[in-house]
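Worksheet: one structure, shown below.
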Amino acid sequence: MASSSSFLLIAALLALVSWQATASDPSPLQDFCVADMNSPVRVNGFVCKNPLEVNADDFFKAANLDKPRVPNKVGSNVTLINVMQIAGLNTLGISIARIDYGPLGQNPPHTHPRATEILTVLEGTLYVGFVTSNQPAPNRNKFLSKVLNKGDVFVFPVGLIHFQFNPSPHQPAVAIAALSSQNPGAITIANAVFGSDPPISDDVLAKAFQVEKNTIDYLQAQFWENNHY
């Protein structure tokens, strides 16, 4: 009985440690840890600025998120406010973005490797969705989608491929997204696969996508524009 109890206790402790290790951003151990961008020390995140030197501007940015942005080639513009713009976000595990969509514009399929995203529509209509991972059937690569109107909210789980599309050919759309990391990262699928530097071998991509190599060569020759600013 004692041995069984010890095993259960060890299992519970390992589960707790594992949960902490896989969290997006670790919980802070003090009120704040304003990033010292000038420190030569390299850590996972940023070294804390001397708290005696911290002031209100470390938690502030005149970001003009109420102003519209001009969409780019894919018809969208993502204005992200993370720890690189507000040093006070360091260790707090949160960031925010304004996303502008032109008529028929999209925020193309992408992932955030370090964050879950919750998005709300401020203006217009959005068609949004995400795809589940390569888990066992019947949920393998399941596509979940929804049409969102002004005031609606949708969640994109951490790491999953997702997108937003403005179906209106005449009206723009605007959304605000909150992300559960001070530095969520973004991997736009088409840019990463076809616009990597140096390029991925067209033999590899032709095999992966089951198309001719000249199709891959054509895609790699395109200009893959970044819509994150």
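Backbone N, Cα and C define each Cβ position, glycine as well.
Just so it is clear, the model here is predicted, and its values are computed rather than measured.
Look at TrEMBL and you will find 1-23 tagged as signal peptide. Residues annotated as disulfide bond in TrEMBL: Cys33-Cys48. Taken from TrEMBL, the feature domain 'Cupin type-1' covers 63-217. Summarising the annotation, TrEMBL assigns oxalate binding site to Asn107, His112, Glu117. Positions annotated as Mn(2+) binding site by TrEMBL: His110, His112, Glu117, His162.
The two recorded residues, Asn107 (oxalate binding site) and His162 (Mn(2+) binding site), have Cα atoms 9 Å apart. The oxalate site is defined by Asn107, His112, Glu117, and by the 8 Å test on Cβ atoms against their centroid, the other residues of the chain that qualify are Ala97, His110, Thr111, Ala115, Leu119, Phe156, His162, Ala177, Leu179, Pro184, Ala186.
Measuring Cα to Cα from His162 (Mn(2+) binding site), the recorded positions that fall within 10 Å are His112, out of Cys33, Cys48, His112. His110 (Mn(2+) binding site) sits 12 Å from Glu117 (oxalate binding site), taking the Cα positions as reference. Take the mean position of the Cβ atoms of His110, His112, Glu117, His162, the recorded Mn(2+) site; other residues of that chain with a Cβ within 8 Å of it are Thr111, Ala115, Phe130, Phe156, Leu160, Ile161, Pro184, Ala186.
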